[in-house]
Amino acid sequence: MSNKSAKRNKARRNKEKRDRDELRAANEYEDTASATSTSGAGPSSASGINYLTEEPCLFEVRSIPGKDLGLVATADIPKGTRILKEAPLLVVKLGKPVQIEAAVSAAIQSFGPWKKKALLGLYNCHRDTKYKLHGIFVTNALPRGEGAGAVFEYISRINHSCRPNSHICWNDNLGMETVHAIRTISSGEEITINYGHTGVSEERQAWLKKRFKFDCACEVCGLGQRQLRASDSTRRRIRDLTDALHRSLSVPHIPVNIDTIRQNYLDVQELIKGEFGPDCAMRAEIYELAYDIAVLEGRQFHAERQAQAAYDIRVVAQGYDHPDAEEILKTMCDPVSDPCFGVCAPKPRNGRDQ
């Protein structure tokens, strides 16, 4: 495997591990705590002009039956639209409840009235504890860097779905969290994201219950038993195939069975497309792995197609200005220059494959 391919795979694995560790730390409270707050120009609006983007606002905060508040589309939102970009109200290092309570309390001393109201008005699913600020934080925080969480005025109000219509991610170039529609969202439809668990129903229901104190009743979890079993089987297969692809392309030596790897790639792409949708960000990662496979096989044209497909999904789910999209343009535009180009081909091949 080439250095470039190894670096991409290592970066993906590190990101996945960081996200898992940060979410686990939020539950176990094992670290120390400190806080910083972000400055704000003033109160934002849930309708009219969105000061966060300086564009017409595409959503409003509404009461959602069985869910407290949520974000609802006020117009038809085409796939790929950046619904929202938002700087955090505050960023807090993960820690024990008493530490987070103290950290948030110290941070809000510098808040203006609107910002303090925005934070304290967020939902708290841990109201049975004496640490109110800690409860608000762990209910609404999203992973932000090593061992820290960020809370947002609007993004923290977006509710979960196991098959969401939007993708959320941090954009280092903007210094903001972004929300993109990964399929067309109809006016009046709730905007949803995935809170971080894409596994089988029993596992994700237990995780959501422990972490956020609710029983998910989304379109997937509300399926009949037969359909839900089929969904679980698909998700289990996606996990197994994805793990196998990562293992195959992460070893220091060249994989010996490229045909098996290629078939795993084809299978998992179709499974993800059917279960999560064609523009799920998970598919971009698989296309990037497919690029590595095509490089090993010496298939220039196929490698370029995989890179383009990955880029297209990254733009839809994250935006053209996201570092992941920029990285594809920088590292995947010339597959022939990769040192591993063609090493698994039946015979040496250069140029475009037929």
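Numbering starts at 1 and runs along the chain as it is shown here.
A Cβ is built for glycine as well, from the same backbone N, Cα and C atoms used for every other residue.
Curation does not apply to TrEMBL; its annotations are automatic.
Per TrEMBL, these features apply:
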- 1-15: compositional bias 'Basic residues' (COMPBIAS)
- 1-46: region 'Disordered' (REGION)
- 16-27: compositional bias 'Basic and acidic residues' (COMPBIAS)
- 32-46: compositional bias 'Low complexity' (COMPBIAS)
- 57-196: domain 'SET' (DOMAIN)
Legend entry - Residue distribution over DSSP helix, strand and coil in the domain 'SET' (57-196): 32 helix, 46 strand, 62 coil
Inset, instruction - Average the per-residue pLDDT over the domain 'SET' (57-196) and send me the rounded value. - result: 93
